[in-house]
(Lines of atoms letter the chains of each structure in order from A and count residues from 1; the text may use other names and numbers.)
(Lines give C-alpha, C1' and ligand atoms only; values in the text may rest on other atoms or scores of the structure.)
Protein backbone atom coordinates (compact mmCIF):
# COMPACT_ATOMS: atom_id res chain seq x y z
CA UNK A 1 0.00 0.00 0.00
CA UNK A 2 3.01 2.30 0.54
CA UNK A 3 3.57 2.22 -3.23
CA UNK A 4 0.37 4.17 -3.64
CA UNK A 5 1.05 6.72 -0.89
CA UNK A 6 2.07 9.42 -3.41
CA UNK A 7 -1.28 8.90 -5.17
CA UNK A 8 -3.04 9.30 -1.81
CA UNK A 9 -1.24 12.56 -1.06
CA UNK A 10 -1.84 13.89 -4.56
CA UNK A 11 -5.54 13.03 -4.27
CA UNK A 12 -5.75 14.93 -0.99
CA UNK A 13 -3.85 17.84 -2.50
CA UNK A 14 -6.30 17.97 -5.45
CA UNK A 15 -8.96 19.26 -3.03
CA UNK A 16 -6.47 21.08 -0.88
CA UNK A 17 -8.90 23.56 0.65
CA UNK A 18 -11.19 20.78 1.79
CA UNK A 19 -8.27 18.70 3.04
CA UNK A 20 -6.64 21.60 4.87
CA UNK A 21 -9.92 22.55 6.52
CA UNK A 22 -10.39 18.97 7.68
CA UNK A 23 -6.82 18.78 8.93
CA UNK A 24 -7.16 22.07 10.79
CA UNK A 25 -10.49 20.96 12.30
CA UNK A 26 -8.99 17.68 13.44
CA UNK A 27 -5.99 19.62 14.77
CA UNK A 28 -8.09 21.96 16.88
CA UNK A 29 -10.17 19.05 18.22
CA UNK A 30 -7.06 17.07 19.18
CA UNK A 31 -5.53 20.16 20.78
CA UNK A 32 -8.61 20.41 23.02
CA UNK A 33 -8.43 16.64 23.59
CA UNK A 34 -4.83 17.01 24.83
CA UNK A 35 -5.76 19.95 27.03
CA UNK A 36 -8.61 18.01 28.60
CA UNK A 37 -6.26 15.06 29.03
CA UNK A 38 -3.68 17.20 30.80
CA UNK A 39 -6.30 18.56 33.21
CA UNK A 40 -7.31 15.03 34.13
CA UNK A 41 -3.70 13.97 34.29
CA UNK A 42 -2.93 16.86 36.65
CA UNK A 43 -5.79 15.94 38.97
CA UNK A 44 -4.80 12.28 38.90
CA UNK A 45 -1.16 13.11 39.68
CA UNK A 46 -2.28 15.20 42.63
CA UNK A 47 -4.57 12.62 44.21
CA UNK A 48 -3.06 9.30 43.20
CA UNK A 49 0.72 9.64 43.41
CA UNK A 50 2.76 7.68 45.92
CA UNK A 51 3.41 10.64 48.22
CA UNK A 52 -0.33 11.37 48.33
CA UNK A 53 -0.90 8.07 50.12
CA UNK A 54 2.17 8.11 52.38
CA UNK A 55 1.74 11.50 53.97
CA UNK A 56 -1.10 13.05 55.96
CA UNK A 57 -2.48 16.56 56.17
CA UNK A 58 -3.77 17.71 59.53
CA UNK A 59 -6.26 20.57 59.13
CA UNK A 60 -8.56 22.36 61.54
CA UNK A 61 -11.82 20.48 61.84
CA UNK A 62 -14.67 21.71 59.60
CA UNK A 63 -12.48 24.29 57.86
CA UNK A 64 -11.76 24.44 54.16
CA UNK A 65 -10.01 27.55 52.91
CA UNK A 66 -6.43 27.83 54.23
CA UNK A 67 -7.18 31.25 55.70
CA UNK A 68 -9.77 29.73 58.02
CA UNK A 69 -7.65 26.88 59.41
CA UNK A 70 -5.52 27.78 62.39
CA UNK A 71 -3.67 25.09 64.32
CA UNK A 72 -1.24 25.62 67.19
CA UNK A 73 2.26 25.09 65.78
CA UNK A 74 3.25 22.93 68.74
CA UNK A 75 0.77 20.28 67.58
CA UNK A 76 3.60 19.24 65.26
CA UNK A 77 5.84 18.10 68.12
CA UNK A 78 2.97 16.12 69.65
CA UNK A 79 2.18 14.52 66.30
CA UNK A 80 5.85 13.69 65.70
CA UNK A 81 5.76 11.47 68.79
CA UNK A 82 2.85 9.38 67.45
CA UNK A 83 3.59 5.83 66.46
CA UNK A 84 4.22 5.46 62.70
CA UNK A 85 5.12 9.12 62.19
CA UNK A 86 8.52 9.91 60.69
CA UNK A 87 8.21 13.67 60.71
CA UNK A 88 5.63 16.41 61.19
CA UNK A 89 6.00 19.65 59.24
CA UNK A 90 3.98 22.75 60.24
CA UNK A 91 3.01 24.77 57.21
CA UNK A 92 1.51 28.21 56.90
CA UNK A 93 -0.49 28.61 53.71
CA UNK A 94 -1.61 31.84 52.13
CA UNK A 95 -3.46 32.21 48.86
CA UNK A 96 -4.68 35.37 47.19
CA UNK A 97 -7.84 33.62 46.01
CA UNK A 98 -9.57 30.78 47.80
CA UNK A 99 -11.95 30.12 44.93
CA UNK A 100 -11.00 28.28 41.78
CA UNK A 101 -8.72 30.48 39.73
CA UNK A 102 -6.30 30.13 36.85
CA UNK A 103 -3.99 32.70 38.40
CA UNK A 104 -4.16 31.99 42.11
CA UNK A 105 -0.88 32.38 43.96
CA UNK A 106 -0.26 29.97 46.81
CA UNK A 107 2.45 30.64 49.41
CA UNK A 108 3.61 27.90 51.74
CA UNK A 109 5.77 28.93 54.65
CA UNK A 110 7.84 26.23 56.31
CA UNK A 111 11.13 25.67 58.12
CA UNK A 112 14.06 25.62 55.71
CA UNK A 113 15.50 22.33 56.95
CA UNK A 114 12.15 20.56 56.54
CA UNK A 115 11.61 22.19 53.17
CA UNK A 116 14.98 20.88 51.97
CA UNK A 117 14.27 17.47 53.45
CA UNK A 118 10.72 16.81 52.24
CA UNK A 119 10.33 18.76 49.03
CA UNK A 120 12.26 17.49 46.03
CA UNK A 121 13.11 20.90 44.61
CA UNK A 122 15.73 21.37 41.91
CA UNK A 123 16.86 24.98 41.81
CA UNK A 124 17.10 26.26 38.25
CA UNK A 125 18.48 29.58 39.42
CA UNK A 126 19.31 31.16 42.78
CA UNK A 127 20.57 29.26 45.81
CA UNK A 128 19.50 27.74 49.10
CA UNK A 129 21.99 29.96 50.89
CA UNK A 130 20.38 33.04 49.44
CA UNK A 131 17.01 31.76 50.61
CA UNK A 132 18.26 30.94 54.10
CA UNK A 133 19.97 34.32 54.57
CA UNK A 134 17.03 36.58 53.80
CA UNK A 135 13.82 36.73 55.90
CA UNK A 136 11.55 37.72 53.02
CA UNK A 137 13.16 35.34 50.55
CA UNK A 138 11.00 33.11 48.45
CA UNK A 139 11.61 30.06 46.28
CA UNK A 140 9.28 30.37 43.32
CA UNK A 141 7.97 27.44 41.29
CA UNK A 142 8.99 27.70 37.65
CA UNK A 143 5.36 27.74 36.48
CA UNK A 144 4.60 30.80 38.63
CA UNK A 145 7.89 32.41 37.61
CA UNK A 146 7.07 31.91 33.93
CA UNK A 147 3.50 33.15 34.35
CA UNK A 148 4.54 36.23 36.33
CA UNK A 149 7.85 36.71 34.46
CA UNK A 150 9.88 36.55 37.69
CA UNK A 151 13.61 36.06 38.03
CA UNK A 152 16.05 35.85 40.92
CA UNK A 153 16.47 39.22 42.63
CA UNK A 154 12.98 40.47 41.72
CA UNK A 155 10.65 41.66 44.45
CA UNK A 156 6.94 41.25 44.02
CA UNK A 157 3.79 41.74 46.03
CA UNK A 158 0.70 39.58 46.12
CA UNK A 159 -2.13 40.33 48.55
CA UNK A 160 -0.02 42.56 50.81
CA UNK A 161 2.80 40.02 50.95
CA UNK A 162 6.03 41.24 49.45
CA UNK A 163 8.83 38.74 48.86
CA UNK A 164 12.22 38.68 47.15
CA UNK A 165 12.87 35.89 44.68
CA UNK A 166 15.87 33.90 45.98
CA UNK A 167 15.48 30.94 43.65
CA UNK A 168 13.35 29.38 40.95
CA UNK A 169 12.78 25.67 41.16
CA UNK A 170 11.51 22.70 39.22
CA UNK A 171 9.88 19.80 41.04
CA UNK A 172 9.07 16.15 40.39
CA UNK A 173 5.46 16.93 41.06
CA UNK A 174 4.30 19.53 38.51
CA UNK A 175 1.71 20.91 40.94
CA UNK A 176 4.54 21.99 43.27
CA UNK A 177 5.85 24.23 40.48
CA UNK A 178 2.79 26.39 40.99
CA UNK A 179 3.77 27.18 44.63
CA UNK A 180 5.93 29.80 46.33
CA UNK A 181 7.86 28.70 49.42
CA UNK A 182 8.81 31.17 52.13
CA UNK A 183 10.14 30.97 55.66
CA UNK A 184 7.44 29.90 58.13
CA UNK A 185 7.87 32.79 60.55
CA UNK A 186 7.90 35.31 57.70
CA UNK A 187 4.48 34.16 56.51
CA UNK A 188 3.18 34.05 60.11
CA UNK A 189 4.05 37.72 60.53
CA UNK A 190 3.16 38.91 57.08
CA UNK A 191 0.22 41.24 56.31
CA UNK A 192 0.42 42.74 59.76
CA UNK A 193 -1.09 39.62 61.27
CA UNK A 194 0.27 38.11 64.37
CA UNK A 195 -0.09 34.47 63.63
CA UNK A 196 3.15 33.50 65.29
CA UNK A 197 2.68 30.11 66.87
CA UNK A 198 -0.20 29.26 64.55
CA UNK A 199 -0.07 27.35 61.27
CA UNK A 200 -2.59 26.40 58.60
CA UNK A 201 -1.83 22.70 58.43
CA UNK A 202 0.65 20.08 59.51
CA UNK A 203 2.04 17.70 56.96
CA UNK A 204 2.83 14.31 58.47
CA UNK A 205 5.28 11.88 56.85
CA UNK A 206 4.75 8.27 57.76
CA UNK A 207 7.22 5.52 58.45
CA UNK A 208 7.32 2.60 56.03
CA UNK A 209 4.63 0.16 56.99
CA UNK A 210 2.61 2.62 59.05
CA UNK A 211 -1.14 2.42 58.55
CA UNK A 212 -2.17 5.86 57.29
CA UNK A 213 -5.80 5.58 58.42
CA UNK A 214 -4.85 4.41 61.89
CA UNK A 215 -2.32 7.22 62.35
CA UNK A 216 -4.84 9.80 61.10
CA UNK A 217 -7.43 8.51 63.55
CA UNK A 218 -4.95 8.60 66.40
CA UNK A 219 -4.00 12.21 65.63
CA UNK A 220 -7.61 13.37 65.55
CA UNK A 221 -8.34 11.54 68.82
CA UNK A 222 -5.29 13.18 70.40
CA UNK A 223 -6.60 16.68 69.67
CA UNK A 224 -10.30 15.95 69.98
CA UNK A 225 -10.48 17.50 73.42
CA UNK A 226 -7.75 20.08 72.77
CA UNK A 227 -8.12 23.80 72.00
CA UNK A 228 -8.50 23.14 68.26
CA UNK A 229 -9.94 19.89 66.92
CA UNK A 230 -8.39 18.45 63.77
CA UNK A 231 -9.34 16.52 60.68
CA UNK A 232 -6.55 14.35 59.34
CA UNK A 233 -6.57 12.75 55.91
CA UNK A 234 -4.02 11.35 53.52
CA UNK A 235 -2.58 14.07 51.33
CA UNK A 236 -4.31 12.56 48.31
CA UNK A 237 -7.68 12.51 50.04
CA UNK A 238 -7.16 16.01 51.42
CA UNK A 239 -6.45 17.32 47.94
CA UNK A 240 -9.32 15.36 46.44
CA UNK A 241 -11.72 16.74 49.09
CA UNK A 242 -10.40 20.26 48.64
CA UNK A 243 -10.80 20.02 44.90
CA UNK A 244 -14.05 18.06 44.97
CA UNK A 245 -16.03 20.74 43.13
CA UNK A 246 -13.32 21.10 40.53
CA UNK A 247 -12.96 17.32 40.30
CA UNK A 248 -16.63 17.03 39.40
CA UNK A 249 -16.16 19.63 36.72
CA UNK A 250 -13.04 17.90 35.47
CA UNK A 251 -14.94 14.61 35.45
CA UNK A 252 -17.56 16.29 33.30
CA UNK A 253 -15.08 17.74 30.81
CA UNK A 254 -13.89 14.18 30.33
CA UNK A 255 -16.87 13.98 27.97
CA UNK A 256 -15.49 16.98 26.12
CA UNK A 257 -12.53 14.77 25.22
CA UNK A 258 -14.88 12.15 23.80
CA UNK A 259 -16.74 14.89 21.94
CA UNK A 260 -13.47 16.01 20.36
CA UNK A 261 -12.77 12.48 19.13
CA UNK A 262 -16.34 12.30 17.79
CA UNK A 263 -15.86 15.62 16.05
CA UNK A 264 -12.72 14.41 14.29
CA UNK A 265 -14.55 11.22 13.33
CA UNK A 266 -17.43 13.06 11.69
CA UNK A 267 -15.14 15.63 10.08
CA UNK A 268 -12.78 13.09 8.52
CA UNK A 269 -15.64 10.75 7.58
CA UNK A 270 -17.49 13.58 5.82
CA UNK A 271 -14.40 14.57 3.85
CA UNK A 272 -13.66 10.96 2.93
CA UNK A 273 -17.25 10.33 1.83
CA UNK A 274 -17.12 13.46 -0.34
CA UNK A 275 -13.80 12.38 -1.76
CA UNK A 276 -15.14 8.93 -2.62
CA UNK A 277 -18.29 10.34 -4.18
CA UNK A 278 -16.18 12.71 -6.29
CA UNK A 279 -14.11 9.80 -7.54
CA UNK A 280 -16.60 7.01 -8.18
CA UNK A 281 -15.47 6.86 -11.81
CA UNK A 282 -11.78 7.11 -10.91
CA UNK A 283 -12.06 4.14 -8.58
CA UNK A 284 -13.87 2.22 -11.33
CA UNK A 285 -10.99 3.00 -13.69
CA UNK A 286 -8.53 1.71 -11.09
CA UNK A 287 -10.57 -1.48 -10.75
CA UNK A 288 -10.60 -1.84 -14.54
CA UNK A 289 -6.79 -1.60 -14.51
CA UNK A 290 -6.71 -4.48 -12.04
CA UNK A 291 -6.97 -2.93 -8.58
CA UNK A 292 -8.67 -5.41 -6.28
CA UNK A 293 -11.70 -4.14 -4.30
CA UNK A 294 -9.62 -4.74 -1.19
CA UNK A 295 -6.93 -2.40 -2.52
CA UNK A 296 -9.48 0.31 -3.30
CA UNK A 297 -10.75 -0.10 0.27
CA UNK A 298 -7.17 0.25 1.50
CA UNK A 299 -6.60 3.39 -0.57
CA UNK A 300 -9.67 5.06 0.93
CA UNK A 301 -8.72 4.00 4.45
CA UNK A 302 -5.18 5.30 3.89
CA UNK A 303 -6.56 8.64 2.73
CA UNK A 304 -8.79 8.89 5.78
CA UNK A 305 -5.98 7.88 8.16
CA UNK A 306 -3.57 10.37 6.57
CA UNK A 307 -6.10 13.19 7.04
CA UNK A 308 -6.79 12.23 10.62
CA UNK A 309 -3.18 11.61 11.60
CA UNK A 310 -1.94 14.81 9.96
CA UNK A 311 -4.63 16.86 11.71
CA UNK A 312 -4.36 14.93 14.94
CA UNK A 313 -0.56 15.06 14.88
CA UNK A 314 -0.58 18.82 14.44
CA UNK A 315 -3.16 19.11 17.23
CA UNK A 316 -1.14 16.92 19.58
CA UNK A 317 2.10 18.79 18.85
CA UNK A 318 0.28 22.12 19.19
CA UNK A 319 -1.34 20.98 22.44
CA UNK A 320 1.96 19.80 23.91
CA UNK A 321 3.73 23.02 22.93
CA UNK A 322 0.88 25.12 24.32
CA UNK A 323 0.85 23.24 27.61
CA UNK A 324 4.64 23.45 27.91
CA UNK A 325 4.68 27.14 27.04
CA UNK A 326 1.69 28.31 29.06
CA UNK A 327 2.58 26.68 32.42
CA UNK A 328 -1.12 26.78 33.18
CA UNK A 329 -2.57 25.63 36.44
CA UNK A 330 -5.78 25.99 38.38
CA UNK A 331 -5.85 26.43 42.13
CA UNK A 332 -8.63 26.22 44.65
CA UNK A 333 -8.34 26.60 48.41
CA UNK A 334 -4.58 26.57 48.21
CA UNK A 335 -4.27 23.34 46.21
CA UNK A 336 -2.91 23.59 42.68
CA UNK A 337 -3.56 21.37 39.67
CA UNK A 338 -0.87 21.77 37.03
CA UNK A 339 -1.64 21.30 33.33
CA UNK A 340 1.49 19.76 31.88
CA UNK A 341 2.32 17.99 28.62
CA UNK A 342 3.11 14.31 28.88
CA UNK A 343 4.00 11.42 26.64
CA UNK A 344 0.91 9.58 27.88
CA UNK A 345 -1.39 12.30 26.60
CA UNK A 346 0.53 12.61 23.33
CA UNK A 347 0.29 8.85 22.80
CA UNK A 348 -3.43 8.85 23.59
CA UNK A 349 -3.93 11.65 21.05
CA UNK A 350 -1.88 9.84 18.41
CA UNK A 351 -3.72 6.56 18.96
CA UNK A 352 -7.10 8.35 18.91
CA UNK A 353 -6.17 10.01 15.59
CA UNK A 354 -5.10 6.71 14.08
CA UNK A 355 -8.21 4.88 15.28
CA UNK A 356 -10.56 7.65 14.22
CA UNK A 357 -8.94 7.81 10.77
CA UNK A 358 -9.47 4.10 10.32
CA UNK A 359 -13.08 4.21 11.54
CA UNK A 360 -13.88 7.24 9.40
CA UNK A 361 -12.69 5.44 6.28
CA UNK A 362 -14.61 2.20 6.85
CA UNK A 363 -17.97 3.13 5.34
CA UNK A 364 -16.71 5.15 2.35
CA UNK A 365 -13.99 2.56 1.74
CA UNK A 366 -16.56 -0.21 1.66
CA UNK A 367 -18.76 1.87 -0.65
CA UNK A 368 -15.86 2.47 -3.06
CA UNK A 369 -14.76 -1.15 -3.02
CA UNK A 370 -18.23 -2.56 -3.66
CA UNK A 371 -19.14 -0.25 -6.56
CA UNK A 372 -20.07 -2.04 -9.80
CA UNK A 373 -17.37 -1.11 -12.30
CA UNK A 374 -19.59 -0.65 -15.37
CA UNK A 375 -22.18 1.41 -13.49
CA UNK A 376 -19.44 3.53 -11.90
CA UNK A 377 -17.73 4.12 -15.26
CA UNK A 378 -20.95 5.71 -16.53
CA UNK A 379 -20.88 8.10 -13.56
CA UNK A 380 -20.38 11.71 -14.67
CA UNK B 1 -6.77 -22.90 -29.98
CA UNK B 2 -8.38 -19.46 -30.11
CA UNK B 3 -7.13 -16.77 -27.77
CA UNK B 4 -10.64 -15.61 -26.83
CA UNK B 5 -13.74 -17.77 -26.94
CA UNK B 6 -17.14 -16.38 -26.08
CA UNK B 7 -19.47 -19.33 -25.65
CA UNK B 8 -23.24 -18.91 -25.66
CA UNK B 9 -23.11 -15.73 -23.62
CA UNK B 10 -26.30 -13.95 -22.65
CA UNK B 11 -26.66 -10.72 -20.77
CA UNK B 12 -29.86 -9.03 -19.70
CA UNK B 13 -30.81 -5.87 -17.85
CA UNK B 14 -33.92 -4.82 -16.03
CA UNK B 15 -35.40 -1.53 -17.17
CA UNK B 16 -38.41 -0.98 -14.99
CA UNK B 17 -40.78 -3.88 -15.68
CA UNK B 18 -39.05 -4.64 -18.96
CA UNK B 19 -36.17 -7.07 -19.38
CA UNK B 20 -33.68 -6.14 -22.09
CA UNK B 21 -31.43 -8.84 -23.47
CA UNK B 22 -28.74 -7.23 -25.67
CA UNK B 23 -26.70 -10.42 -25.85
CA UNK B 24 -28.64 -13.56 -26.44
CA UNK B 25 -26.49 -16.65 -26.79
CA UNK B 26 -23.54 -14.90 -28.44
CA UNK B 27 -20.62 -16.91 -29.82
CA UNK B 28 -17.28 -15.43 -30.79
CA UNK B 29 -13.71 -16.56 -31.27
CA UNK B 30 -10.74 -14.24 -31.56
CA UNK B 31 -7.38 -15.54 -32.65
CA UNK B 32 -4.08 -14.27 -31.34
CA UNK B 33 -3.03 -11.20 -33.32
CA UNK B 34 -6.54 -10.39 -34.58
CA UNK B 35 -7.72 -6.80 -34.75
CA UNK B 36 -11.48 -7.10 -34.41
CA UNK B 37 -13.89 -4.21 -34.79
CA UNK B 38 -17.38 -4.45 -33.38
CA UNK B 39 -20.18 -2.25 -34.67
CA UNK B 40 -23.86 -2.05 -33.98
CA UNK B 41 -26.69 0.32 -33.28
CA UNK B 42 -26.79 2.28 -30.06
CA UNK B 43 -27.90 -0.02 -27.26
CA UNK B 44 -27.16 -3.12 -29.30
CA UNK B 45 -24.84 -4.43 -26.59
CA UNK B 46 -21.44 -3.97 -28.25
CA UNK B 47 -19.90 -2.21 -25.24
CA UNK B 48 -21.52 -4.81 -22.99
CA UNK B 49 -19.81 -7.60 -24.92
CA UNK B 50 -16.50 -5.74 -24.75
CA UNK B 51 -16.88 -5.25 -20.99
CA UNK B 52 -17.64 -8.95 -20.55
CA UNK B 53 -14.49 -9.92 -22.46
CA UNK B 54 -12.54 -7.38 -20.36
CA UNK B 55 -13.86 -8.98 -17.17
CA UNK B 56 -15.48 -5.85 -15.74
CA UNK B 57 -19.06 -7.09 -16.14
CA UNK B 58 -20.74 -10.41 -15.38
CA UNK B 59 -22.57 -12.72 -17.78
CA UNK B 60 -26.04 -14.03 -17.00
CA UNK B 61 -25.16 -17.28 -18.74
CA UNK B 62 -22.43 -18.69 -20.90
CA UNK B 63 -18.66 -18.72 -20.61
CA UNK B 64 -15.75 -16.59 -21.74
CA UNK B 65 -12.36 -18.18 -22.13
CA UNK B 66 -9.24 -16.08 -22.50
CA UNK B 67 -6.32 -18.38 -23.02
CA UNK B 68 -6.93 -21.22 -20.62
CA UNK B 69 -8.93 -19.19 -18.14
CA UNK B 70 -12.72 -19.22 -17.90
CA UNK B 71 -13.07 -15.71 -16.54
CA UNK B 72 -16.75 -16.20 -15.70
CA UNK B 73 -15.64 -18.57 -12.94
CA UNK B 74 -13.33 -16.07 -11.20
CA UNK B 75 -14.34 -14.15 -8.08
CA UNK B 76 -13.94 -10.36 -7.93
CA UNK B 77 -10.47 -10.41 -6.43
CA UNK B 78 -9.06 -12.99 -8.82
CA UNK B 79 -10.75 -11.30 -11.75
CA UNK B 80 -9.00 -8.05 -10.78
CA UNK B 81 -5.64 -9.85 -10.69
CA UNK B 82 -6.45 -11.42 -14.05
CA UNK B 83 -7.32 -8.04 -15.56
CA UNK B 84 -4.06 -6.53 -14.29
CA UNK B 85 -2.06 -9.19 -16.13
CA UNK B 86 -4.20 -9.79 -19.22
CA UNK B 87 -6.32 -6.80 -20.19
CA UNK B 88 -5.44 -3.39 -21.53
CA UNK B 89 -8.48 -1.14 -21.62
CA UNK B 90 -8.71 1.99 -23.81
CA UNK B 91 -11.66 4.18 -22.80
CA UNK B 92 -13.60 6.56 -25.01
CA UNK B 93 -13.04 9.42 -22.58
CA UNK B 94 -9.41 8.54 -21.79
CA UNK B 95 -10.10 8.31 -18.06
CA UNK B 96 -6.58 9.21 -17.01
CA UNK B 97 -6.04 9.81 -13.31
CA UNK B 98 -5.95 13.61 -13.12
CA UNK B 99 -3.51 13.88 -10.21
CA UNK B 100 -0.90 11.72 -11.91
CA UNK B 101 1.47 12.70 -14.72
CA UNK B 102 1.42 10.91 -18.07
CA UNK B 103 4.34 8.79 -16.91
CA UNK B 104 2.64 7.90 -13.62
CA UNK B 105 -0.62 7.04 -15.40
CA UNK B 106 1.21 4.64 -17.68
CA UNK B 107 3.15 3.19 -14.77
CA UNK B 108 0.00 2.57 -12.70
CA UNK B 109 -0.94 -0.92 -14.03
CA UNK B 110 2.66 -2.09 -13.57
CA UNK B 111 2.55 -1.30 -9.85
CA UNK B 112 0.15 -4.22 -9.52
CA UNK B 113 2.54 -6.68 -11.15
CA UNK B 114 5.65 -8.25 -9.64
CA UNK B 115 8.59 -6.45 -11.21
CA UNK B 116 11.55 -4.32 -10.23
CA UNK B 117 11.48 -0.53 -10.39
CA UNK B 118 14.05 -0.53 -13.19
CA UNK B 119 12.05 -3.00 -15.28
CA UNK B 120 8.96 -0.89 -14.65
CA UNK B 121 10.75 2.25 -15.78
CA UNK B 122 12.01 0.50 -18.91
CA UNK B 123 8.52 -0.69 -19.83
CA UNK B 124 6.98 2.74 -19.28
CA UNK B 125 9.63 4.36 -21.46
CA UNK B 126 8.99 1.84 -24.25
CA UNK B 127 5.22 2.39 -24.03
CA UNK B 128 5.62 6.17 -24.00
CA UNK B 129 7.93 5.95 -26.99
CA UNK B 130 5.44 3.69 -28.81
CA UNK B 131 2.80 6.41 -28.59
CA UNK B 132 5.40 9.10 -29.30
CA UNK B 133 4.88 10.98 -26.06
CA UNK B 134 8.24 10.67 -24.36
CA UNK B 135 8.53 14.45 -24.24
CA UNK B 136 5.18 14.72 -22.42
CA UNK B 137 5.97 12.25 -19.65
CA UNK B 138 5.90 14.88 -16.91
CA UNK B 139 2.68 16.53 -18.06
CA UNK B 140 -0.61 16.18 -16.27
CA UNK B 141 -3.77 15.24 -18.21
CA UNK B 142 -5.07 18.82 -17.95
CA UNK B 143 -1.93 19.99 -19.75
CA UNK B 144 -2.51 17.74 -22.76
CA UNK B 145 -4.84 17.72 -25.77
CA UNK B 146 -7.58 15.10 -26.16
CA UNK B 147 -5.48 13.20 -28.69
CA UNK B 148 -2.44 13.20 -26.44
CA UNK B 149 -4.55 12.01 -23.53
CA UNK B 150 -5.86 9.15 -25.65
CA UNK B 151 -2.32 8.21 -26.64
CA UNK B 152 -1.39 8.10 -22.96
CA UNK B 153 -4.47 5.92 -22.47
CA UNK B 154 -3.22 3.55 -25.17
CA UNK B 155 0.26 3.49 -23.62
CA UNK B 156 -1.35 2.60 -20.28
CA UNK B 157 -3.29 -0.19 -21.99
CA UNK B 158 -0.28 -1.79 -23.66
CA UNK B 159 2.41 -1.22 -21.03
CA UNK B 160 1.81 -4.50 -19.20
CA UNK B 161 1.94 -6.41 -22.49
CA UNK B 162 -1.63 -7.71 -22.00
CA UNK B 163 -3.20 -10.73 -23.68
CA UNK B 164 -5.96 -8.59 -25.17
CA UNK B 165 -6.38 -4.85 -25.63
CA UNK B 166 -10.00 -3.71 -25.65
CA UNK B 167 -10.98 -0.26 -26.86
CA UNK B 168 -14.44 1.17 -26.28
CA UNK B 169 -15.04 3.77 -29.01
CA UNK B 170 -11.48 5.09 -28.67
CA UNK B 171 -12.06 7.81 -31.27
CA UNK B 172 -15.57 8.72 -30.19
CA UNK B 173 -14.60 12.06 -28.68
CA UNK B 174 -11.86 13.08 -31.11
CA UNK B 175 -11.71 15.22 -34.26
CA UNK B 176 -10.94 13.69 -37.68
CA UNK B 177 -7.19 14.29 -37.67
CA UNK B 178 -6.77 12.95 -34.18
CA UNK B 179 -9.02 10.00 -34.98
CA UNK B 180 -6.71 9.12 -37.86
CA UNK B 181 -3.67 9.29 -35.55
CA UNK B 182 -5.28 7.07 -32.94
CA UNK B 183 -6.46 4.48 -35.46
CA UNK B 184 -3.01 4.37 -37.02
CA UNK B 185 -1.56 3.91 -33.58
CA UNK B 186 -3.93 1.04 -32.81
CA UNK B 187 -3.01 -0.57 -36.13
CA UNK B 188 0.68 -0.28 -35.24
CA UNK B 189 0.01 -1.80 -31.84
CA UNK B 190 -1.63 -4.72 -33.61
CA UNK B 191 0.90 -5.15 -36.44
CA UNK B 192 4.20 -4.20 -34.85
CA UNK B 193 3.64 -5.34 -31.28
CA UNK B 194 1.44 -8.28 -32.30
CA UNK B 195 -1.23 -7.43 -29.76
CA UNK B 196 -4.78 -8.74 -30.08
CA UNK B 197 -7.34 -5.94 -30.23
CA UNK B 198 -11.10 -5.80 -29.81
CA UNK B 199 -12.46 -2.36 -30.68
CA UNK B 200 -16.03 -1.15 -30.37
CA UNK B 201 -16.87 1.69 -32.74
CA UNK B 202 -19.84 3.34 -34.39
CA UNK B 203 -17.62 4.67 -37.20
CA UNK B 204 -17.62 2.46 -40.30
CA UNK B 205 -14.31 3.92 -41.56
CA UNK B 206 -12.68 3.15 -38.24
CA UNK B 207 -14.07 -0.37 -38.31
CA UNK B 208 -12.47 -0.92 -41.74
CA UNK B 209 -9.02 -0.46 -40.18
CA UNK B 210 -9.49 -3.73 -38.30
CA UNK B 211 -8.62 -7.13 -39.76
CA UNK B 212 -12.07 -8.47 -38.89
CA UNK B 213 -15.35 -6.53 -38.83
CA UNK B 214 -18.24 -7.77 -36.74
CA UNK B 215 -21.73 -6.38 -36.20
CA UNK B 216 -24.05 -6.99 -33.31
CA UNK B 217 -27.66 -7.30 -34.51
CA UNK B 218 -30.61 -8.34 -32.37
CA UNK B 219 -28.40 -9.91 -29.74
CA UNK B 220 -26.33 -11.95 -32.24
CA UNK B 221 -22.92 -11.36 -33.82
CA UNK B 222 -22.69 -11.15 -37.59
CA UNK B 223 -19.48 -11.36 -39.64
CA UNK B 224 -19.42 -10.79 -43.41
CA UNK B 225 -23.22 -10.72 -43.38
CA UNK B 226 -23.54 -14.14 -41.72
CA UNK B 227 -24.29 -14.90 -38.07
CA UNK B 228 -21.43 -16.39 -36.11
CA UNK B 229 -22.40 -19.90 -35.16
CA UNK B 230 -20.98 -22.02 -32.40
CA UNK B 231 -18.04 -24.10 -33.47
CA UNK B 232 -16.18 -26.87 -31.72
CA UNK B 233 -17.09 -25.46 -28.36
CA UNK B 234 -15.23 -26.02 -25.17
CA UNK B 235 -17.24 -27.54 -22.45
CA UNK B 236 -17.56 -25.30 -19.49
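Including glycine, each Cβ sits where the backbone N, Cα and C put it.
Unlike curated records, TrEMBL annotations are generated automatically.
The structure displayed is predicted, hence computed values, not measured ones.
Annotated domain 'MacB-like periplasmic core' per TrEMBL: A:19-221, in sequence order.
The average pLDDT computed for the domain 'ABC3 transporter permease C-terminal' (A:258-370) is 93. If you look up TrEMBL, you'll see A:258-370 marked as domain 'ABC3 transporter permease C-terminal'.
For A:20-39 (among others), the entry in TrEMBL reads transmembrane segment.
The transmembrane segment feature in TrEMBL is assigned to A:252-276 (among others). Same-chain residues lying 6 or more positions outside the transmembrane segment (A:252-276) and placing a CB less than 8 Å from one of its CB atoms are 11-12, 15, 18-19, 22, 25-26, 29-30, 32-33, 36-37, 39-40, 283, 300, 303-304, 307-308, 311-312, 352-353, 356-357, 359-361, 363-365, 367-368.
Feature annotation from TrEMBL assigns transmembrane segment to A:296-325 (among others). Through the fold, the transmembrane segment (A:296-325) approaches residues 1, 4-5, 7-9, 11-12, 19, 22-35, 38, 264, 268-269, 271-272, 275-276, 283, 286-287, 339-341, 345-346, 349-350, 352-354, 356-358, 360-362, 364-366, 368-369 of its own chain, all at least 6 residues removed from its boundaries and within a Cβ separation under 8 Å.
Residues annotated as transmembrane segment in TrEMBL: A:345-363 (among others).
Across the domain 'ABC3 transporter permease C-terminal' (A:258-370), DSSP helix (H, G, I), strand (E, B) and coil residues number 93 helix, 8 strand, 12 coil.
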